[in-house]
Every structure is written in structure tokens, then in C-alpha cells.
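To start, the structure itself, in C-alpha cells.
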């Protein structure tokens, strides 16, 4: 029975990885075509970076998970766990700061506040976003340097060999330190999400006072952005839960089923949010519909040739 359940989990994880690569690859491809036509916008640049970083993150999640499931002893020899930790931090942090940039972009473009600083930033969104991306990148690099020091100190402490039988509390503390930068970016995204909710509530109250009874384009934009940001927050919480399960399984290696469940939960975030972005972005949605129409036409042609 366990073998069957394990097989189901492995199938689900592989399917998530395939969907994740296809979804994020589609986002990246559409925006790269726009870049070739010199039509790449700020949002297009952010989505391209987010797609590439998430493809990288998916491969790290799958590689790390399968090594822990099928060849856990490999971690005990050499520096593999150190290299995977570095790659995971790069993929995780780059994915988060692109996602945070996307949240800030939605906030500046859609939200309505009378605050002078907000209005100044809103009028210069296309100038502010590049500086914001650079700021997030620099903070990621500084955090990465701190992470490298943590990993190096821990490695030296254990005589250049990673001790898999470390105290659980010490291992969890190390993982919390590794995720400090990600938690900071996620907090920024949550703050922008809360401000968008406040802006939507105030806008709806103004619309009700006008007694129009119709949803204007501003309300639609608010709702669409809220769906993307709330789904991001929910999926990222699931991602964190999955990571916590995987970390706990790292210290207790007997429970493979729990590890597979954690890996399945973790992989939902990078592939699920990509499809939400496709459905929430009019350009990506239209491009996906055109692709589906082309696939249907190809299928009809094949059927006609067979008959």
C-alpha cells in the first residue's frame, strides 16, 4: 500500500514540475518575443525574471527532494548539501524579489491614496521599479554573503564534513537564518496586499456613495490584482509549510512518505502561481488562447489526414 502511495506522490511531483516548467516557460517566451520586438515593458521584465527564477527553483526542489528520497547517503559524502543549499538560496531569493517587485508594481499602478509620497511614487512608477529591483537585488546579495558565512562556519565547525546527525534545534535555527531574506520580501508583499485591500474598500465605498451600481475599470483592476496577490500569499504559505516538512524530514529520514508530501506541497507554489499570472494578465491570457487554438487546429488536421 505504501509503495502505491509513494508512486502517486512521485507522479504528482513530476507532474507539478512539468506544469511549472511549461507555465513559467510560456511566460518567459511571450515576454522574450516582446523583447525581440522592442516592446518589453516593466511588468514584462519582472514576469520574465520571475519565470526564469521559478524554473530554476523547481529544478532545485525536485533534485533535492529526489536525492533525499532515493539516495540520502550522498549528502553525507562531499559538499553536495552545501552546493544545493547555495543554489536553493539563489533560486528562492531571486524568485521572491521578483514576486515582491510584481506586488509593488501592482500597488503603485492600481492603488489610490492621497498621500503625497505615494502620489510622487505612483507618477514615477517606471522609474521607481528599476531602483526597487536593484535595491532588492543588493539586499539579496548581502543576505547571500551572510548565508555563505553561516554555511562556511558550520562546515568548518564539523571538520569540513556535513554532520547529518546534528542537533535538531541547531539545524532549524540555521534554516531560519537562511530564510530571513525571503521572510523580509514576503512581508513587503503582504504589506502591499493589505494596502491594496484598503484602497479597494475605499474605492467601493466611493462607488456606493455615487449609486452607480456598476463595476468600473478601476474596481476590476483592483479585484484582478487582489486575486493575484492573495493567491501568491496563500501559495507561498503552502510553500513554507512544505519546506518546514522537508526540513523536519531531513533530521528524521525514516519517514519518506512525509518527505514526499512536503515536496508535493512545496512544488505547488512555483507552478500554481504561474498559471494564475497567465489567467490574470490579458496579454498572457490571449497568447495562451491563441496557442490552444493552434493546437486544436493541428489536431483537426491530423484527424482529417487519418480519415
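Each Cβ is built from the backbone N, Cα and C atoms, and glycine gets one as well.
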Which residue from 92, 112 is recorded in Swiss-Prot as N-linked glycosylation site?
92
Quick one: does Swiss-Prot have residue 126 and residue 201 on the same side of the membrane?
yes
Would you mind telling me which one of 158, 210 Swiss-Prot calls N-linked glycosylation site?
158
Could you name the stretch, out of 7-27, 101-121, 228-248, with the greatest number of CB pairs under 8 A to the transmembrane segment (258-278)?
228-248
Helix, strand, coil: count each for the residues of the topological domain 'Cytoplasmic' (122-126), based on DSSP.
4 helix, 0 strand, 1 coil
